[in-house]
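According to Swiss-Prot, the features are:
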type	residues	note
BINDING	154, 161, 162, 198, 207, 208, 209, 274, 275, 276, 307, 532	substrate binding site
ACT_SITE	309	active site, proton donor/acceptor
ACT_SITE	517	active site, proton donor/acceptor
């Protein structure tokens, strides 16, 4: 297990605040009850008064405090959750209808809607209040130097992998400086903590998220040609790569030809309840022994690091959360993202004249390419499959590859390596056209293609990263991979999937007035559900993917936009 990380961002004082907020969270559950209870709300509360808040909490009745007593306590000692992120003035690079915006979107309803989605960037743009840096002991929010674009709703702070699709949308909106601000905020986190945090909160310092920082930098460079920006962020890309190459993330697997391959896994530095969901984690772990609880909490945090929290993908038994085994899984998508990172770093190093570094990372990407195809590729299914390590607790220096250890359940992640075809750093295509077509056929037969997009899995477990939910990032990764595969038929399928996704987003927006975090891909126009919190709106990555699809494919005058 990875070592437990101390809460960063304010040292002992930050730990003390978080401890207080978790006690408030627990007391609030007793006072308000479980219906519509969101534990994250309470660890996001800024402390408005001094440390007497702890004594006042202790003085509440030993029996469950009443609703009124709890409301009065919170009102007396805390500011509103999210009040330490202040609405920013309109970003200076925002224009209501920027020149060159979506020139191939011809249908009036489609264009009007796209402009409304574009305008949402104003609503989601924030600045961290100066009080956060002045009094870090009163905030779980971390200070950041630039403007931030938040996902929306309960997600009041910056999140790592969400930011990639926010950046993609901002580039379509010609908001290049705001896109750079987002990246520089993440670089600030790398410089301070050694990696990009899951999100900009002190309680997220124990884990990261799918690593897409280099992809953001590459897309911004391709849009702007800003070499100074590349030079500024390049050292942080190297630092982040080192984080993912650390011993706790690395796994060595020997194939049947005796070749040893190094791949990566998720591994949070935590073995306690997640502060933002502590009451939920404690309930799941209530019947476990102390040692089993620590293992469970570690797996829960590691699963949160995947971005897929939660899914049957990570469970030995999809009906039992305590069977999460994420740190014993070599994920297809994580290794895709790290290979892309290595390609990007090789490209940037060559660009800025560091030829030796470029060669090192080019070789690293080729080695990971071979590893992915040797360990994760399944020729019978024509898909890449997650690889499960033994879960008996016996760590091995090198694991012997076994066919039976590939997880043959079908997930959208099985097709994510196609996305490596879409990279623009001038290196060779990851999947040749013939293989891409075979993977496309496998996708068509998989059961994942639904009327409103690509389902996340085939298992309807009630978890949000399972059937029938579809998520914007997965649509985008697979569509871009198909699009750049070199096959005309794959391009047609890519456009068909994008069309389904645009239509369901449009109809849901017209029905609710909002963009949603996820969608039910069985029914066009229906938002998604499931998971440990209520469905959210806003929504950063959904907005970014819609703008990207409209930019890529346009929308002809004679093509209907609704379901």
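Every residue, even glycine, has its Cβ placed from backbone N, Cα and C.
Just so it is clear, the model here is predicted, and its values are computed rather than measured.
Feature map: Swiss-Prot annotations on the structure.
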| residue | record | DSSP class |
| --- | --- | --- |
| 154 | substrate binding site | coil |
| 162 | substrate binding site | helix |
| 207 | substrate binding site | coil |
| 275 | substrate binding site | helix |
| 307 | substrate binding site | coil |
| 517 | active site, proton donor/acceptor | coil |
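Other Cβ atoms within 10 Å of the Cβ of residue 307 (substrate binding site) number 22 in total over all chains. Among the recorded positions listed (162, 209, 275, 307, 309), 162 has its Cα nearest to the Cα of residue 517 (active site, proton donor/acceptor). There are 17 other Cβ atoms within 10 Å of the Cβ belonging to residue 154 (substrate binding site).
Residues near residue 275 (substrate binding site) in space but far in sequence (CB under 8 A, at least 6 apart, same chain), listed by position: 18, 21, 22, 43, 140, 203. Distance from the CA of residue 309 (active site, proton donor/acceptor) to the CA of residue 162 (substrate binding site) is 14 Å. Here substrate is bound by 154, 161, 162, 198, 207, 208, 209, 274, 275, 276, 307, 532 per the record. The longest Cα to Cα distance in that group is 21 Å. When the alpha carbons of residue 207 (substrate binding site) and residue 309 (active site, proton donor/acceptor) are compared, the span between them is 13 angstrom. Distance noted between the C-alpha atoms of residue 309 (active site, proton donor/acceptor) and residue 209 (substrate binding site) is 11 Å. Of all Cβ atoms in the shown protein chains, 25 besides its own fall within 10 Å of the Cβ of residue 207 (substrate binding site). The least crowded of the recorded positions 162, 309, judged by other CB atoms within 10 A of its own CB, is 309.
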